[in-house]
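Enquirer: Below are the features I grabbed from Swiss-Prot:
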- 68-470: domain 'Protein kinase' (DOMAIN)
- I74, A75, A76, G77, T78, Y79, G80, K81, V82, K190: ATP binding site (BINDING)
- 88-179: region 'Disordered' (REGION)
- 90-101: compositional bias 'Low complexity' (COMPBIAS)
- 102-122: compositional bias 'Polar residues' (COMPBIAS)
- 133-150: compositional bias 'Polar residues' (COMPBIAS)
- 167-179: compositional bias 'Basic and acidic residues' (COMPBIAS)
- D293: active site, proton acceptor (ACT_SITE)
- 546-556: compositional bias 'Low complexity' (COMPBIAS)
- 546-567: region 'Disordered' (REGION)
Amino acid sequence: MQNSGRDLWQNQSGYMSSLQQGLNKSNMVGASTSHGKTPMLMANNDVFTIAPYRTRKDNARVSVLDKYEIIGYIAAGTYGKVYKAKSRQSSKSSSSTGSDSLAQDTKPTTEFSNTSSLQNAGTYGDMMGAHGPNSNNISAGGNTNPELSTRNNPNNPRVPTSTIISGDKRNSENTDNRRKAETTMYYAIKKFKTEKDGIEQLHYTGISQSACREMALCRELDNNHLTKLVEIFLQKKSIYMVYEFAEHDLLQIIHFHSHPEKRMIPPRMIRSIMWQILDGVSYLHQNWVLHRDLKPANIMVTMDGVVKIGDLGLARKFSNMLQTMYTGDKVVVTIWYRAPELLLGARHYTPAIDLWAVGCIFAELIGLQPIFKGEEAKMDSKKTVPFQANQLQRILKILGTPTPKSWPHLQKYPEYEQLSKFPKYRDNLPGWFHSAGGRDKHALSLLYHLLNYNPIERIDAINALDHSYFTHGDMPVCENVFEGLNYKYPARRIHTNDNDILNLGLHKPKVPAKVVQPTMNNSTATLGGLGVNKRILAAAAAAAAAVSGNSSSQSSRNMEPMKKKRK
């Protein structure tokens, strides 16, 4: 052992000495150094150029339109647009070979995954693996973070098994609908804006922060009550995120019950919606993620009645932060669902802001209109955040004016002086609740806990799931929000006249129309599209110039003697 160690040491020292000699020789050869530094040996540019690599990747990249057929335009926002699409591989997904083989690799996300979701999981896996390992788009596979944990565990003692209706109680009609849905899988494609008015080539700033956050979080998070990201496309400086499609959202459902006449949402349906929302929010918060934009338009409902939280564009992690929340995003949450601590100018906040938004959604499901429908004050030219006086006053009129006793450290908020200028209001939440048609005292109790002024005392998502509103009563909480309904909600409105995604790959800057200068050689040029030959116009102009020239010369001759006389 000693001899082998000595030999190894000798070999290592010999290698180091030879390496040093080689470096010395290179230093001698490279006598023409700049600033006393040996120039770095670089390969030929033909070897390390990026152009062939980009060309090869662009040629191998699968286009979003090659894989999906766009059906129509759904909605738009500050982020971009959302389109409904179906997979061009749907016929292949219905085959037994592809679907059955991939269904084994796809695991259900929660205990609520019924027969439909398991069957769709196989088809969903087929969609993701349709192009094999050579596909250049980003697949949002499963949960890659070991820290992420799902609450929906059958062994979780906190969730009473008696309050969950099993998915095996579906009737035959729903089973037939699920079988039909297997042949055609629909998706929602979210296209992010990356340019301004077609001048992306001049002012392209890269991928937005919102898109980066949503891509990063959606690839990690995996819960049955969050919209599932299928894959991501990067094409022509545009981001395309493909999600599972949800036929409804809460805004659409609320509008259906409030127009043309007011029809209350069934209490059993509201309870199912709230339980699933809180379950998804609980999963986010347990994994240190704030949503920061919860509202009815961002709460999706699938055809199977599963509630899914979507639009994580404003979401962010709140663990191990290097700066306050306010530094990154000064304005978060839509104004009607914004927590009072945000309205008072809090520079840092907690997951309690999401629970306030959930309380506002709960009240809107009961009353069929926003409970705090204020008017938003817009930012000025200096981009300073204005004080939302009208919105805060709407809250005070229903919940009453907070006091330092009910809300400690209230005086420390930046906008406390503005709050002190308002008149004193009394708590009127019970009156609003009964006028809106609410009858369940447990629902009113949960609403009080969610709309608590003090963010420290505001109930969190885990404890809200244990509230008596969900555990009390004979009717259990069902997984399908449409359970027991004798009517159907209309499908999403699809616009087929606004499919600019179909022009994919034609992102060119808007070039102003070229102004063609008139030339004497162009005999076919026209004036104003009237077909007037420019040669004729030129001849007429020359004749007019000649006539005017003769008259002007004659008049100049007549005027010249007079000028001489004046002199």
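The backbone N, Cα and C atoms fix where each Cβ goes, and this holds for glycine too.
Show me how these features fit into the structure around them.
Expert: Of all Cβ atoms in the protein chains displayed, 18 besides its own lie within 10 Å of the Cβ of I74 (ATP binding site).
Every protein chain considered, the tally of other Cβ atoms within 10 Å of the Cβ of D293 (active site, proton acceptor) stands at 20. According to DSSP, D293 (active site, proton acceptor) sits in a coil region rather than a helix or strand.
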Enquirer: Which has the fewest other Cβ atoms within 10 Å: A76, V82, the binding-site residues listed?
Expert: A76
Enquirer: Only counting partners 6 or more residues apart, tell me which same-chain residues put their Cβ under 8 Å from the Cβ of G80 (ATP binding site).
Expert: K190, K191, F192, K193
Enquirer: To the nearest whole angstrom, what is the C-alpha distance linking I74 (ATP binding site) and D293 (active site, proton acceptor)?
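Expert: One finds 19 Å between the Cα atoms of these residues.
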